[in-house]
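A short worksheet on the structure shown next.
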Amino acid sequence: MEPTVADVHLVPRTTKEVPALDAACCRAASIGVVATSLVVLTLGVLLAFLSTQGFHVDHTAELRGIRWTSSLRRETSDYHRTLTPTLEALLHFLLRPLQTLSLGLEEELLQRGIRARLREHGISLAAYGTIVSAELTGRHKGPLAERDFKSGRCPGNSFSCGNSQCVTKVNPECDDQEDCSDGSDEAHCECGLQPAWRMAGRIVGGMEASPGEFPWQASLRENKEHFCGAAIINARWLVSAAHCFNEFQDPTKWVAYVGATYLSGSEASTVRAQVVQIVKHPLYNADTADFDVAVLELTSPLPFGRHIQPVCLPAATHIFPPSKKCLISGWGYLKEDFLVKPEVLQKATVELLDQALCASLYGHSLTDRMVCAGYLDGKVDSCQGDSGGPLVCEEPSGRFFLAGIVSWGIGCAEARRPGVYARVTRLRDWILEATTKASMPLAPTMAPAPAAPSTAWPTSPESPVVSTPTKSMQALSTVPLDWVTVPKLQECGARPAMEKPTRVVGGFGAASGEVPWQVSLKEGSRHFCGATVVGDRWLLSAAHCFNHTKVEQVRAHLGTASLLGLGGSPVKIGLRRVVLHPLYNPGILDFDLAVLELASPLAFNKYIQPVCLPLAIQKFPVGRKCMISGWGNTQEGNATKPELLQKASVGIIDQKTCSVLYNFSLTDRMICAGFLEGKVDSCQGDSGGPLACEEAPGVFYLAGIVSWGIGCAQVKKPGVYTRITRLKGWILEIMSSQPLPMSPPSTTRMLATTSPRTTAGLTVPGATPSRPTPGAASRVTGQPANSTLSAVSTTARGQTPFPDAPEATTHTQLPDCGLAPAALTRIVGGSAAGRGEWPWQVSLWLRRREHRCGAVLVAERWLLSAAHCFDVYGDPKQWAAFLGTPFLSGAEGQLERVARIYKHPFYNLYTLDYDVALLELAGPVRRSRLVRPICLPEPAPRPPDGTRCVITGWGSVREGGSMARQLQKAAVRLLSEQTCRRFYPVQISSRMLCAGFPQGGVDSCSGDAGGPLACREPSGRWVLTGVTSWGYGCGRPHFPGVYTRVAAVRGWIGQHIQE
């Protein structure tokens, strides 16, 4: 498909000259604010789609570098006649045709196009100066047929009337006063009223709502269970949070209850409406919860009445000032630790918070599409089950406007952790656009549909299903993953053929097995791009490699450093499909990534190994030396490919520095590497190859994919790579989705919102509460987990052994629990455990092939483990439990099937808060001296700081090492919460505790996740104090292990098991 042209016209408007800082009051054909050396003009943008759908976008832009004169007011003046055609002629840029173009994407592409045109030398207007920059400052959008191409645009926060009159009054819409001469500010105001509500007293929070008090409130049900909230915006459309539909995407599975106050929907006013279409915002980011909005189309119009009314959508210029009291409503949980939904709709008053203040509370992870509400001291908040519900603010007219949509937060009503809501004023244009174009959705409809085998954007793409830790209730993943194999830690990023990995300095030939994840993509015998092994069926490459490629003719060559296939263990294999990132932009090579599925799985050996995928929060610091490799040109202009794989060492370059070097604002999906003096770089033919960084001795993580650059190895022109951390979620989503039923190989663009699923249990320490910290090592063994997914020995070197205790006594809570009847040896650190020494220890095996996580027996048919163990593999049929054996092989153990997996509903994939899961076994275990449960703690204060407890597991016995063949035990010391927060300042919640030693040396490690932190009481009973969760590396000084505090989730556990 040929790209279409977006014609950008900057058309000067006559205007009255005003002071530089004053707002301009504009009439029908006037626009502009005048300041010294600054001209503010309207950009009219005509986007001509091949589908013949046209949109006209008026933007206000600040043009800098040219002088303003009064002659610009006259269309007949020389200045006016010089400026207009110059801009019309010069400001053109190409857009790849999209299925639809959202407002957010339109504005971003427009700004990039303008900057690209002005990048070199600006646009000279002779005597009037040179335009050096054009920054967008405002917009209005509507169908081309409805809006005159030359219409004006109001500046700043001025309200734009239907006749282009500008109104500077604050929030003039629907205030029962006509401010526009055409009355458009009071049109469409049958909204936000409470006709059934007569007692609008002041709401203080935590109260039951009366019937008809929130007539716009909807309950979204999946399988007859309330899952999320929503708000009515017109008779056929609801608005909710996009993350509500990560797990369940088929609109036919959803039913909306409106007009209801009771969760049962028993009132006569309740209407049950079937959902026919779900449209997520195309820029929704499940990693950050940015653009967290979706609209739902109903099968038939709603009957408006006293109990069913729409809420008012605010204008984009509507101001909701900080400290304004607003209302939230929903059927979410009443308390964070009381997981029962109320029968009656709840309401509460919250206060809008200053954006900068909220950003400081959440580590500056807020975007302009978010708004915070609540109180600094907590106590009032939305909670799980409220997601998608409304945050409404009453204006003097008595109408309620939708200020926000319940999105996310840390915990519920915690101090200094207010609720975060999607800001509707920033999203209302897209909402209106999506709901007025029901016949051509702007984002993927969630009805399942296989992606078409075409290189064009599919008309009904399937949206991948993942779970995201926000305020919606977590549901178990039902995506079967039997056919996916993602490498475990010790199987990824290693180079078994290299006994002593030498330091890469650049420009050398590589030996077979030195870069075992390197792939050559060939059409026939022609090498055209590189690729990288990330799984037994999966490769990553650059999307631009497949612009003009027939997938069925492509073969992947790997297992050898020779382009001719000599030496090593060469393998040639076809491709099943190629999935390009849905936001791939060939113009600027943004989102330049493709996932390649192989026709058959690889057999890993010392010449073929996957590289480790980093976590979304992993950092590759500036200056870090990483390795690039490929068979690309060895010098610029020389098209001869080397016969031997080339490798070179490059340094990570600061993003801002790189943007300056390229005079182009690099996106977050790009990362630069090389040297300012040039000399070392990737080149033509290397595209799609790896930029791999050695994060632990001999363990490499994929930081980037070779994408683009100017020339090769030129001075101050480093290579630009696709940043994997930003796209990790999408990669895993494709790898975790069902294979599409395609006979021929295909290239697909999957338009979908995705959320990263770690392949090995996420790890957290991070800079913000919503994301884990770089270097946080997940304790799961299996897939790559984080930047320093290395493991430290559970050896306690020279530590005081755990003191012997008197004989255990019977406990009324759980008969026989917490007793260790077999001989209890003294713990000296890092020693092997004997049979029956820790009878509650369980080994969880994935597909009965390998140990993946630990678990703890807490009742006859219940195990407790870490929720992050099941992020990727959530199907209980894939898991088996071995009990009663200290041997990693499972020898002499009791094998039990897992029937169900229940993650804690508050589990947060990114912060690892509430990192706990219950596993229900298919049948009760056979108790013996080798198999018995541990005691659960009472919901009482934690053991005293400094208490010595025991950790056990089969995890790595040293950072970066292999698994222990026999169960290991070590003594650790409980650290105070204050000490823990000193080591991990941001990410420690009240559901976490730290254990270890400040000097390091003793810790749990990769493969220990889900295992027990057990403390012995004076009575002799062993009590489960913590569940192994995460940490930075293993056994490092000042980075103790972090455990889920079991007492904090004791109530939830008790709801599931009967003791």
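Using the three backbone atoms N, Cα and C, a Cβ is placed for every residue, glycine included.
As annotated in Swiss-Prot, Cys693 shares a disulfide bond with Cys626, one of the listed residues Cys626, Cys658, Cys672, Cys712. Candidates considered were Cys994, Cys1005, Cys1015; Swiss-Prot assigns the disulfide partner of Cys949 as Cys1015. Cα of Cys712 (disulfide bond) to Cα of Cys529 (disulfide bond): a span of 16 Å. When the alpha carbons of Cys161 (disulfide bond) and Cys372 (disulfide bond) are compared, the span between them is 29 angstrom.
Neighbour counts were taken at the CB atom with a 10 A radius for the disulfide-bonded residues Cys372, Cys712, Cys949, Cys1034; the maximum falls on Cys1034. Taking the Cβ of Asn547 (N-linked glycosylation site) as centre and 10 Å as the limit, one finds 12 other Cβ atoms among all the protein chains shown. Cβ neighbour counts within 10 Å, taken over all protein chains shown, single out Cys529 as the most crowded of the disulfide-bonded residues Cys174, Cys529. Other Cβ atoms within 10 Å of the Cβ of Cys393 (disulfide bond) number 23 in total over all chains.
Note on the domain 'Peptidase S1 3' (827-1058): mean pLDDT across this stretch is 83. Here Cys180 (disulfide bond) comes close to Phe159, Cys161, Gly162, Asn163, Gln165, Val167, Pro172, Glu186: these same-chain residues lie at least six apart in sequence, with C-beta atoms under 8 angstroms from its C-beta.
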